Amino acid sequence: MSKHTAWWRLHRDLFKRCGWTVFLICIYLLGQQVYLPNVDVFSASQSLQGVPFLQMLSLTTGGQTGIPTLLSLGMQPYMTTLIIWQAVTSLDLDSMRRLSQKQIGYIQRILSIVLGTIQAITFVYFMGNSFLPQYIGSANINITPAVAVLTLVAGSLFTMWLADQNTERGLGGTVTLIIPGLLAGLPGTLQRGSNISNGTFAFTRPHIIATVLITLGFIVIAVFLNHAELRLPVQRPMLENRFTESYMPLKLLMAGGMPFMFSMSLFSFPAYFINGRMMLSATERTLVRWFSFQHWEGLVTYGIIIILLGFAFGYINMQPATTARQFKENGDYFFDVLPGADTSKFLTKHFLLLSSWSSLFLLMIAITPLIIGFAIPGAANFSQYLGGLLILVTILDSITEQVRALWNKNRYQLF
């Protein structure tokens, strides 16, 4: 490129993508201000905010389940669809490989509509008697709940379209839309925690100073570990390159912050249906202990959920069987490892090793604050806060890498 090229023209693609991302986020935030029709907003908000697993899922998926709006479901249906699809493709089935991109797109859209409808019906159910009746026909059928479900499904499809547009034109892909919700929800998460945690965290001056120091230290550690990777030397006979050695990078945090997106929702779901009852049986009281942060049994349950989700999302992201098949088709191989099944076992072994170490880090984030919370009220809220912060760090880190690539894309000279 010429030395005299204007800097704004040199980085025009980057600025254009930044503008698109800001524009799409603004549209998304405006959509979250449009209330559902014929709904008592105050009554619905009171009902929805009493459902802890909805609020936890809302924080980590960019939704707004505490208020009945057009885009209350946020990215939940779309992200659930992508996770299910990645889980299915990780099985490396022949029938899945024969699908065209157009067919895959249709299947994902249909799955998003089905999941969006299920989540919309669940959302409307938890709103209780917050609807203003709207009758139609001589049968006096109240259509308000049905209209609310259709509106929420339409909102989820619109959110999916916004996410696709950001992937094509903006920065960060589909997950960029959850950033505003994360940033807005983290302070409240730290201060109030959830209905199943113990105590609030007051924002006094000493607490604010401690929070800032913990946050900065955690960000440094999270960024470092997010960049940590194991490099497995790869032999590529079909590719001649005398200047660099080929390798396959395996990230230490294969699952990223994904376990924290769903761990709190899974943990709080069983307790919600039990805590509202006046009389509990012995079995139900035992179940409450195993799903409450106020008991040691609950910490064990939450730790198991974190570990299982860490291994599950890590496996989905790595897909050893698919990678081994692609190596065999391309003629690539590792030293002293036969192509095919042996390569798959080799990759699975390294996956289990790295996931075990990353699980220790995830457990430290999730469990340590909960243990401290037994002695210091409010400290347990750092478990959810640091989990959300890890999600934010992994998203922003990927956006930073994309920005760096776009910034340097045209900064070169031939001679």
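Cβ from N, Cα, C; glycine included.
According to TrEMBL, the transmembrane segment annotation covers 20-36, 106-127, 139-163, 170-188, 208-228, 249-274, 299-318, 351-376, 382-399.
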Interface-richest range of 170-188, 249-274, 382-399 toward the transmembrane segment (139-163), CB pairs under 8 Å: 170-188
Positions whose Cβ lies under 8 angstroms from the transmembrane segment (249-274), at least six residues beyond its ends: 51-54, 56-57, 60-61, 79, 194-196, 225-226, 228-232, 280, 284, 287-288, 291-292, 298, 301-302, 305-306, 309-314, 317-318, 350-351, 354-355, 357-358, 361-362, 365-366, 384, 387-388, 390-395
Any contact, the transmembrane segment (208-228) to the transmembrane segment (382-399), with at least 3 Cβ pairs under 8 A: yes
Cβ contacts under 8 Å made by the transmembrane segment (170-188) with residues that lie 6+ beyond its boundaries: 17-18, 20-21, 24-25, 28-29, 58-64, 74-75, 78-79, 82, 159, 162-164, 385, 388-389, 391-392, 395-396, 398-399, 402-403
